[in-house]
Amino acid sequence: MPLPTNPATENVLGTIGTICWTVQLIPQLWKSWREKSTDGLSHWLVLVWGVAGAFLGVYVIVQSLSIPLIVQPQAFGILSLISWGQCLYYGQRRPFTIAISAFLAVTAVTAGFEAGMVYAIRPAYNAGNHTPVEFFGIFSSVIIALALAPQYYEIYRRREVVGISLIFMVVDCSGGVFSTLSLVFAKKFDVIAAVTYLLVVVLDGTVLLLAAILNPRARRKRAREAAANAVAAETISSTITIAPVENSDEEKAAYREERDGILP
C-alpha cells in the first residue's frame, strides 16, 4: 500500500536532508584547513562532485521539486569545489591566487551551465518531452558514483582510509537517507532522484565500512612495526662492543726504550 502524499512531511525530511548536505563538507573543509593537508583525499572526487551538482541542479529545478531539494545540489556543488580548491592549495602546492582563481572559474562555468540548461530544456519539459531532463538526472547519478572511484583507489593503494573526514561521510550518508525519504511523501515518487540519493548512501556507506575494517588493521600493523624496530634497535645497541686499542710496533719500541733508559 503506497504511503499517502504529505507535503509537510516531504518538506521536513527534505529540509533535514538539505541541512545535512549543506554542512556535510564542513568537517572535511575544517580537517583540511586544520592539518594544512589533503593527503589521501582525491581531488577528482570533490571536483567531479562539484560538476555533478550543476547537472543535478538542472534536474531538480526543471522538475520543480521541493525548495529544500533544489537547494541541496547548489550547496553540494559549491562546497565540493571549495574542497577542490583546498586540494590545489594544500595538496598540489599551487599558489593561493591560482587556487582561488581556479575555484572561481569552475564555479562560474558550472553556475552558467546550470542556468543555461534550465532555460534550454524547460520548454521541452513543459511540452511533455521529459527525455532531456531525465538525461541530466541519470547523468548526475552516474558521475556522482564514478567520482568515488579515485577515492576507492586511494583506499586500495594505502590499505586504509586517510585524508577524508569520516564525519563528512556520515553526514553525507544521512543527507541521502533523509532526501530519499522525502521523495516517498511527494505527489510522485521520483525514481531518478531516489537512485541518485541512494547511490550516495551506498557509496558513502562503503567508505565507512572500509574505514571500520582497514583502519584498525593499519594501526595494528604500524604498532607491530614500531615494536619490531624498537627491539631491533635495542638488540643492536647491546651487541656493540668497544674493541681494545692495540699500540703499534713503533709505540711499543718507544715505550721499551723509555723504560730501559729509566731503569738502571
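The backbone N, Cα and C atoms fix where each Cβ goes, glycine too.
Since this is a predicted model, take the numbers as computed values, not measurements.
Database features, via TrEMBL:
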TRANSMEM  42-62  transmembrane segment
TRANSMEM  98-121  transmembrane segment
TRANSMEM  133-149  transmembrane segment
TRANSMEM  161-185  transmembrane segment
TRANSMEM  191-214  transmembrane segment
Touch test for the transmembrane segment (161-185) and the transmembrane segment (133-149), at least 3 Cβ pairs under 8 Å: no
Are there residues at least six beyond either end of the transmembrane segment (133-149) with Cβ under 8 Å to its Cβ atoms? List them, or say none. 44-45, 48-49, 51-52, 55-56, 58-59, 62-63, 73, 117, 121, 125, 192-193, 195-196, 199-200, 203, 207
